[in-house]
Amino acid sequence: MAEPSKVIHIRNVGHEISENDLLQLVQPFGVVTKLVMLRAKNQALLQMHDLNSAVNVLQYYTSVQPSVRGRNVYIQFSSHQELTTTDSPGWKSDQDSQPNRILLVTIHHMLYPITVEVLQQVFSPYGYVEKIVTFQKSAGFQALIQYQSRQSALQAKNSLQGRNIYDGCCQLDIQFSNLNELQVNYNNERSRDFTNPSLPTEQRVAFAQMSNAAAIAAAFGGGLPPGVTGTNDRCTILVTNLNPEKVDEDKLFNLFSLYGNIVRIKLLRNKPDHALVQMEDGFQAELAVNFVKGALLFGNRLELNFSKYPSITPAADTREYAGSNLNRFNNNAVKNYKYCCSPTKMIHVSALAQDITEEEIVAHLEEHGTIVNTKLFEVNGKKQALVLFESEEQATEALACKHASTIDRSTIRISFSQLQSI
């Protein structure tokens, strides 16, 4: 296998497959800077903006067979580390694409939130900005910016490409879009039509996702975990195949709060092995589905899908968590996103009493399974512990049952550790 490269080699590219088809195949993972169609060989070369984007493409398509227009295509790293004009007379890059009055802007190393207002301030000096639409993709935070004239867009691209909005971060990566006109339905924190200030604002819970964009980008290093698109806007999850004898709302809260703040949870009385879990936004719901699907809890393998219901209606048989101080993402969202992973055999226990002993920790957790090893340690003067169980199922049960429980008058926090051994 060739060494990792920004350049991806695609085989079995039939004549019915267009350049746009190939762009759509990989654009969820990052910006494509160059494209070479080798028609005579039924092949193509794509250069991603950075190595990490290319690696994400390859990792994803090792488990999912890529198909374009009903034809299976085959993806590998190219032996080229960079594409140049000498590689093929037909290569197409952004620099050669037709100037357009709409720019596609990707923001790399986004450590601070970027709003519609910030983008207007940055791009207005080059001409009248008519419309802005922002969205979250695997490539990171992106925006489409429509100028009144093509000349303004060209001047903005030439002046701003590669520059940072803030010192040392929020780097602009600018291409011409192939869209002719931006459709803006709402004037809010995600989109704005400056030519039509009377548009409605549309309030949706999923918009919390955009305010989280900076934390998400910082936590995941600008990319997203494999399988996570960052585009889901459905906040409610249907969890099935639960063990109704042992599961309750608080145990589900303890598990799902690893992936975001919980609004409310409802156990379905007419289907005792079903529950609805409403997360704070669509991105957090997608993380939960991605990482918890297939996990074992109390002997049952959990099935997770996005619910057709946008939210859970408050009622006597629903449990409210929206204002709970036990929600993990109220503070330090970056750190909590970093902890997101599928269940492991190892749990990390924090907020422990200063005089706690390993024996007390074991006594508190051992009813949930065989504890193979423990380690008590201190970080910034605060006691923490690692506890290794014999299986992921045992560790998951311990987390579901004992997160937010009390040892020696301290309310402990439990998350999964990605360490393999103590």
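Every residue gets a Cβ built from N, Cα and C, even glycine.
As written in TrEMBL, here are the features:
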- 6-80: domain 'RRM' (DOMAIN)
- 100-189: domain 'RRM' (DOMAIN)
- 235-309: domain 'RRM' (DOMAIN)
- 345-419: domain 'RRM' (DOMAIN)
Out of 6-80, 100-189, 235-309, which stretch touches the domain 'RRM' (345-419) the most, going by CB pairs under 8 Å?
235-309
Across the domain 'RRM' (100-189), what are the DSSP residue counts per state (helix, strand, coil)?
22 helix, 35 strand, 33 coil
Calculate the per-residue pLDDT averaged over the domain 'RRM' (235-309) and state the result as an integer.
95
Give the residue counts of the domain 'RRM' (6-80) per reduced DSSP state, in the order helix, strand, coil.
27 helix, 26 strand, 22 coil
